[in-house]
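**Student:** Residues or ranges marked as domain '4Fe-4S ferredoxin-type 1' by Swiss-Prot on the basis of sequence analysis: 368-398. Annotation comment: Swiss-Prot describes Cys378, Cys381, Cys384, Cys427 as [4Fe-4S] cluster 1 binding site. Taken from Swiss-Prot, the feature [4Fe-4S] cluster 2 binding site covers Cys388, Cys417, Cys420, Cys423. Among the features that Swiss-Prot reports, domain '4Fe-4S ferredoxin-type 2' is placed at 408-437, with the record citing sequence analysis. The compositional bias 'Basic and acidic residues' annotation in Swiss-Prot covers 459-490, 550-572. According to Swiss-Prot, the region 'Disordered' annotation covers 459-496, 533-774. Annotation comment: Swiss-Prot describes 533-545, 605-618 as compositional bias 'Low complexity'. The compositional bias 'Polar residues' annotation in Swiss-Prot covers 645-658, 686-698, 725-738, 762-774.
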Amino acid sequence: MLSLIEQIKSGKLWDFPGGIHPFENKHQSNRQPIINASIPNELVLPLKQHIGKAGDLLVKVGDRVLKGQPLTQYTSTFMLPIHAPTSGVISAIEPRTVAHPSGLSELCIVLTPDQQEEWFELQPQPDFQQLTPETLLELIRQAGISGMGGAGFPTAKKLQSGLSRTEILIINAAECEPYITADDVLMRQYAHEIIQGIEIVEHILKPKLTIIGIEDNKPEAVAALQQAAQDKPMVIRVIPTKYPSGGEKQLIKILTNLEVPKGGIPADIGLMVQNVGSLQAIARAIVHGEPLIRRVVTLTGDCFRKPRNVWALLGTPVQALLNEFGYKADKKLPRLIMGGPMMGFTLPHAQVPITKTANCILAPTRNELTSSDNEMACIRCGQCAEACPVSLLPQQLQWHAKAEEFDKCEELDLKDCIECGACAYVCPSEIPLVQYYRQAKAEIRTRSLEAEAAERAKARFEEKKARMERDKAERENRFKQAAEDRRKEMQQQGGSDAIAAAIERVKAQKAQLEPTDNSVKPAIAAAIARAKAKQAEAAQSGASEPDNSEMAKLREERKRQARERKAQKGEVTEASTSDGADDKKSAVAAAIARAKARKAEQQETESAAQPAQATPSSDDADPKKAAVAAAIARAKARKAEQQETESTAQPAQATPSSDDADPKKAAVAAAIARAKARKAEKQETESAAQPTQATPSSDDADPKKAAVAAAIARAKARKAEQQETESAAQPTQATPSSDDADPKKAAVAAAIARAKARKAAQQSSSNLNAEEKD
């Protein structure tokens with residue numbers, strides 16, 4: 001059985017599934033040789049013209065640069081530098097619209113040419129056989145070369161992935177896209193440089209076989225390559241014209257019958273594929289030292305007066321090429337397509353710049369390429385599935401992409417779609433399937449990047465949390481170790497812990513204060529007991545307001561004790577902090593303490609000896625105020641006695657309806673009333689005698705105020721006596737309000753009157769105190 005390499009050398013070819021045969025229309029632009037386009041007035045250079053990351057800027061606005069001078073630098077293998085296509089001045093660094101299906105804007109360097117074409121210093125390496133593969137890869141990377149067939153993957157990175165494992169090197173010269181002839185004309189005119197580029201790549205990868213795959217619709221290019229590759233160990237294989245045979249996986253299938261595994265790359269199966277445009281750029285970079293600053297662009301379509309291929313400087317606005325090469329827009333449907341009719345996209349405007357992956361500008365008329373705006377519903381014919389070269393299910397992919405069910409799209413291997421457009425070409429409903437796939441891929445890519453960013457943020461947070469916990473544990477261990485070391489050191493020195501010593505000192509000071517606190521507790525308890533007794537007595541006697549005199553005394557006692565404790569604490573603190581105080585200060589402090597103790601003992605004795613019948617404001621009362629209060633109380637007692645006498649005299653005048661009244665009950669009630677009156681008079685006499693024993697609480701009371709208060713009290717007493725006399729004269733004229741009056745009711749009324757008299761006396765006393773305070 002022949003090996004794979006032997007089968008390839010024998011001329012055997014295979015085929016891939018699906019595929020179509022669209023109208024090629026390549027003859028418009030391949031009959032003219034390549035010419036140089038003029039230098040435009042402005043060059044717009046996007047920082048990112050490849051798959052990967054943009055390089056770091058090396059220039060600023062206002063700098064003058066030379067032709068071939070690096071404008072950015074790379075710091076990773078997925079970065080590529082860009083170079084100045086001509087000499088001039090950097091006029092701006094700003095976002096501009098770039099070649100993208102969505103018309104996105106990216107950061108660009110705007111260069112104003114000076115038309116001098118002054119070159120930067122070049123470093124050619126014509127004897128590349130003496131250089132190592134690593135050195136050659138570095139030179140290729142420095143030249144900024146990427147895949148020029150349309151993908152734009154960094155060439156050096158791709159070659160690096162195939163080091164030491166590439167068995168077959170495949171040169172992609174198929175150029176299957178209709179209208180595009182850039183590679184065809186390049187092979188005709190620069191076949192020698194293409195072969196040089198192949199030899200450089202062979203020196204890097206050292207493959208067992210190199211095979212060039214080219215479609216049979218390029219006979220002139222085949223002849224040029226055969227002539228340039230004479231006596232070279234290369235196989236030039238002409239393959240049938242079929243779209244998309246120029247796809248990497250499809251060309252591998254045709255030439256080797258091998259399939260790239262899902263999610264893998266050709267290097268995984270020992271293969272490496274390179275485009276002829278990339279190889280020509282490699283030869284210029286190594287042999288001549290020129291970086292990638294220009295490329296071949298096909299200008300085709302019926303809107304061009306003379307379609308052809310041109311060398312266009314990178315960054316040249318499309319409008320400059322249109323103006324130079326006779327473009328005349330269609331009046332009803334002006335369109336500019338970057339790329340071919342199958343895989344290209346419509347430009348938003350003509351100021352988009354030429355980049356490393358821009359191989360064609362197609363300007364068709366409305367009759368040449370019809371618009372695809374007439375989308376209709378899918379009729380489920382299945383032609384898209386038959387035409388798919390990757391054996392996908394375009395119909396179901398479109399359904400899920402339209403419904404934004406991107407997880408289903410991934411399950412159906414949407415990422416394997418090469419966006420060749422074969423499905424859309426055969427669709428009778430004119431559904432733009434590729435547009436749905438591109439949008440779905442972009443959304444999936446965006447979500448994937450967001451998920452990766454979230455995972456990175458989560459990992460950073462967890463690492464930070466673990467680090468903080470670790471630092472906290474280390475700090476605690478350090479503190480514990482330091483405390484342990486201190487403790488051991490003090491034990492070794494025969495001392496004790498300073499903190500423990502401080503605690504002991506505080507406890508000792510507290511113990512010194514406790515006896516004083518305990519000595520005053522009995523006095524407080526006695527005062528509380530007296531206050532509770534007076535409250536109980538007031539409740540039994542029916543008083544409406546409780547006697548709070550004892551509580552006032554208790555509050556004063558607590559304040560005094562707090563002041564004494566504060567003074568004692570200050571004395572103890574001063575004694576502990578100033579050990580060198582003299583004997584005089586100590587004697588003075590002791591005398592003050594003894595005086596305060598005697599004063600407290602005297603106050604406790606006085607509060608204990610004070611009678612329980614004292615009025616609520618007896619501690620603060622003035623002797624004159626007490627006399628006034630006694631006079632008021634006597635007047636009210638006389639008034640109450642008169643009312644009782646009237647109430648006992650009324651039963652005799654009652655109507656005949658009270659025949660059941662008992663004379664004995666009336667006599668008993670009268671006796672009770674007289675006894676209560678005598679008791680009230682006795683209490684008044686005692687209260688008048690008490691002022692001499694009361695301790696005045698205010699030494700600054702004004703005698704004039706007391707005299708005024710006494711006069712007011714006498715006036716009120718006279719008014720009360722007059723009212724009593726008038727009320728005593730009216731009973732004979734009064735009409736009894738109740739025919740069933742009972743002597744018991746009269747007694748109850750007398751008791752109520754006495755209670756009201758006592759309440760009025762208390763209120764008048766409190767009012768006098770309030771006026772005195774004011």
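Cβ atoms are placed via backbone N, Cα and C, with glycine included.
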**Student:** Who are the long-range neighbours of the domain '4Fe-4S ferredoxin-type 1' (368-398) in its own chain, taking Cβ under 8 Å and residues 6 or more past its ends?
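**Tutor:** Non-local partners: 16-20, 244, 247, 249-250, 301-302, 333, 335, 337, 341, 362, 408-409, 412-414, 416-418, 420, 422-433, 436-437, 440.
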**Student:** Cα-Cα, whole number of Å: Cys381 ([4Fe-4S] cluster 1 binding site) versus Cys420 ([4Fe-4S] cluster 2 binding site)?
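**Tutor:** Each residue's Cα considered, Cys381 ([4Fe-4S] cluster 1 binding site) and Cys420 ([4Fe-4S] cluster 2 binding site) end up 20 Å apart.
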**Student:** Should Cys381 ([4Fe-4S] cluster 1 binding site) be counted as helix, strand, or coil on the basis of DSSP?
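**Tutor:** The three-state answer is coil.
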**Student:** Per residue, counting other C-beta atoms within 10 angstroms of the C-beta, which of the binding-site residues Cys423, Cys427 reaches the highest number?
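**Tutor:** Neighbour-count leader: Cys423.
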**Student:** Would you list the other residues of this chain near [4Fe-4S] cluster 1 - those whose C-beta lies within 8 angstroms of the C-beta centroid of Cys378, Cys381, Cys384, Cys427 - in sequence order?
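**Tutor:** Here the non-site neighbours turn out to be Ile379, Arg380, Gly382, Gln383, Pro394, Gln395, Cys423, Val426, Pro428, Ser429, Ile431, Leu433.
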**Student:** Given the binding-site residues Cys417, Cys420, which one's Cβ is surrounded by the fewest other Cβ atoms within 10 Å?
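**Tutor:** Comparing Cβ neighbour counts within 10 Å for the binding-site residues Cys417, Cys420 gives Cys417.
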**Student:** Could you say which of the binding-site residues Cys378, Cys381 has its Cβ with the most other Cβ atoms inside 10 Å?
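**Tutor:** Going through Cys378, Cys381 one by one, the largest Cβ count within 10 Å is at Cys378.
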**Student:** Beyond Cys388, Cys417, Cys420, Cys423, what residues of that chain have CB atoms within 8 A of the centre of the [4Fe-4S] cluster 2 site's CB atoms?
**Tutor:** Gly18, Cys384, Ala387, Pro389, Val390, Leu392, Pro394, Ile418, Glu419, Gly421, Ala422, Leu433, Val434, Tyr437
**Student:** Quick one: give me the count of other CB atoms within 10 A of the CB of Cys384 ([4Fe-4S] cluster 1 binding site).
**Tutor:** 25
**Student:** Sort the residues of the compositional bias 'Basic and acidic residues' (459-490) into helix, strand and coil with DSSP and give the three counts.
**Tutor:** 32 helix, 0 strand, 0 coil
**Student:** Under DSSP, the domain '4Fe-4S ferredoxin-type 2' (408-437) has how many residues in helix, strand and coil?
**Tutor:** 17 helix, 0 strand, 13 coil
**Student:** Where the distance is taken from Cα to Cα, which of the binding-site residues Cys388, Cys417, Cys420 turns out closest to Cys427 ([4Fe-4S] cluster 1 binding site)?
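**Tutor:** Minimum Cα distance from Cys427 ([4Fe-4S] cluster 1 binding site) across Cys388, Cys417, Cys420 lands on Cys388.
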